[in-house]
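K.L.:
Below you will find the structure I want to go over with you.
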Amino acid sequence: MLYAWFVSLSLKNIPGTNSSKKRFQRELSGLSNVCNQCTFHMNKVTTFKHYMNIWACVCVKLIVFTFIEEFMPQNEMTAMDKIMRANEYQGKNSLNVLEGDIAVSNKRGSRSCFARSCLWPKSVDGNVYIAYTLSPEYRMEAIENGTCIRFVPQTHQNDYLDIQPKSGCWSYLGFHGGPQIVSLQAPECVTTGVTSHELMHALGFVHEQSRADRDKYVTILWEHVQKFEKYKTNNLDTPYDYASIMHFGKYAYSEDGDPTIIAKGNLGAQLGQRFAPSELDKFKINKLYKCGECCSNMQ
């Protein structure tokens, strides 16, 4: 514990060269990978030494993510960076999650939403009313503003988003029917950007860099990355959106501190952001849910 505290404190005194930062980050990442073997099954803990090993692993993970946030320019921090940080704290669990935050259910194994059954049903007035449980403090208005999506407190509805501070930040993809969990654990997961990201998954949207046409717009640097897959997607005939709240940052899943995604034709372009849905995100919501057919009351 004292060692972890000392290393965390010393982060601020690391020389500011890229090589030194990357070297130190690689060392910490190695420790973090070792700690991935520590699963947090507290019912199996039988000795004081086991408790101490678990806490040591937690401390190392905190150090790694402190390092990442310490040296990542704040204008490059994305909603997905915050999601991955929050989910890493949770350790490993039985939930099957793809790409960091898309929960997989037995009901639907597909990675993409194509059928209308994947979408939340539309009301006769043209709006899409999505019932939810828990508090409106989760900044749902960022999705509502400029679209026909309306989140309403659950009363009698059988189909609704069951928003829980469960374990990190994650959501199922698209409409499933019945109580549908969205995990938004405080404090990391209750920012406008993170909430919008998970709610867009619930509406049926995948990560932007998973689009079928992504290779026209970004280069994946496979030598620096653990996992980036491309899927058949319905792009709604919309432009690729570097600024989407659904886009990973340029360092996502980096194994060595180097960028993993760069924009083609503009190596310095910012990828993703952490604030709110982009204008193109909202345009895609409106197009997927055909909001233009109604929407005299769109904000």
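Just so you know, glycine gets a Cβ as well, placed from its N, Cα and C.
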K.L.:
Which one, HIS207, HIS224, is listed by TrEMBL in the same Zn(2+) site as HIS197, HIS201?
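P.N.:
Within the candidate list, TrEMBL flags HIS207.
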K.L.:
Around the Zn(2+) site (HIS197, HIS201, HIS207), what further same-chain residues have their C-beta within 8 angstroms of the site's C-beta centre?
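P.N.:
So the additional residues around the site are ALA79, MET80, GLU99, ASP101, ILE102, SER171, GLU198, MET200, PHE205, VAL206, ILE245, MET246.
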K.L.:
Please report the number of other Cβ atoms within 10 Å of the Cβ of GLU198 (active site).
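P.N.:
The answer is 27.
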K.L.:
Pick the one among the binding-site residues HIS197, HIS201, HIS207 whose Cβ has the fewest other Cβ atoms within 10 Å in this structure.
P.N.:
HIS201
K.L.:
Within the domain 'Peptidase M12A' (108-292), what mean pLDDT does the predicted structure show?
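P.N.:
Mean pLDDT across the domain 'Peptidase M12A' (108-292) comes out at 88.
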